[in-house]
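Listed in TrEMBL:
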- 1-17: signal peptide (SIGNAL)
- 25-64: region 'Disordered' (REGION)
- 25-37: compositional bias 'Polar residues' (COMPBIAS)
- 212-255: region 'Disordered' (REGION)
- 233-242: compositional bias 'Acidic residues' (COMPBIAS)
- 297-430: domain 'L,D-TPase catalytic' (DOMAIN)
- H390: active site, proton donor/acceptor (ACT_SITE)
- C406: active site, nucleophile (ACT_SITE)
Amino acid sequence: MPIRRTAVQFCAPFALAVVLAGCSQSEEPAEETQTAPQPEADDNYADEMRSDDSAAASPDVIADSEERPVMQAQVILDRMGFSPGVIDGQMGMSTENALLAFQEANGLTESGELDDATRAALLGSTALSEQGPQVNADGEIENTPQPTATAPGAHAVPATRVVTIPESFAVGRYEAIPDDAADQAEMTRLGYESLDEKLAERFHTTVDTLMMLNPDGQPAGAKAKGEKPAAPDEAEEEDPNPTDDARPGPKSHFKAGQQIRVPNIGADFIDANKDIASDWRDTLRTLGVGSEQPHAARIVVDKSDDTLIAYDEDGKIIAAFTVSSGSSHDPLPIGDWKILGVAHNPPFAYDPTLFWDVPDTAEKQQLPPGPNGPVGVVWIDLSKEHYGIHGTSEPQTIGRAQSHGCVRLTNWDAARLAEMVDQSTEVHFQK
């Protein structure tokens, strides 16, 4: 039974292996350890492609070929926790939702449009910082005065930056994901199908956007100035741990050692000395999500708006995400719920009897974990049996495709939310 590329995606009432059995026992897959990471010389565990706004004014920077005002706004919103979903430089539902939440949080006219007042507030809200908004020991964002875009010596955060793809990031297991659940169950991991897909998730965007930002395989703006970006390594990376009989994923356009232009996402600081399970820490790194997030005292999912809004203890908005939530067959369970636990990189117990659109004659399967699994990289377990908040293998469908009752976000948004909530966080679902 094909289960991956569907208009109505996973998460009806279902049995998730680590949720029903594992959330009460352990929040991590069995192979993960809970020991603190060893101190590193670099306190930031983020990869070599991390944000570094201090380098934006360097004469060695390859200037972009054009201004990208919408992408710049999306980047700043994303850094501040008002997620535009996939960053593509286009106005759409997710960006409008992010703007509405930002406007409400800042006392602006709630239009959902990138008007002059909103643009000025965005440009004046983000200083050049590799860590993004500063968070204190209590998990609260500090209101430290920051330079405005028009202040002397101040620089607005650019829409894009140029990075070099590290070999350590490029090497990996890239296998085509079959549609049939039985075939997926034979795999060791439902990972990325290509380096292109992995890069797109790393920079909260799409492969098409990366292609647009890198015409002919070079960063936009490079040819115009006669610059010569580092040539990509043409050698194909060999899969170190292939699944038996697995088919290779599609050939990637990008290679290790290649310079590419990407959306200038930030807030990606990962504390190398923080007690985080190693596998989850690597997941945050791969998704460009920082470990230092404010604490959400309450989250509200609104079915009519397809939004999830997070509030602090004082009722202030600290984050906003576009979500997919329920359908006519499996409606969102309206009411108040509790968070029972968080499962990182969970496997999935596929039970056809729990899905209205799957024949009950199909066999149950235990699917391996991975970003292309039915619930993506994280499952936030709720007190409503079989329901939770989770990631997805199809980030571009968020807010558009229906779910089977649960609340679905992009993998990077789900990972960020997972760092904001705990069992004390109140959960409210409304129409």
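Residue positions begin at 1 at the first shown residue.
Even glycines carry a Cβ here, placed using N, Cα and C.
A gap of 8 Å separates the Cα atoms of C406 (active site, nucleophile) and H390 (active site, proton donor/acceptor). Per-class residue totals from DSSP over the domain 'L,D-TPase catalytic' (297-430), listed helix then strand then coil: 14 helix, 49 strand, 71 coil.
Cβ neighbour count for H390 (active site, proton donor/acceptor) (all protein chains, 10 Å cutoff from its Cβ): 30. Over the domain 'L,D-TPase catalytic' (297-430), the average per-residue pLDDT in this prediction is 90.
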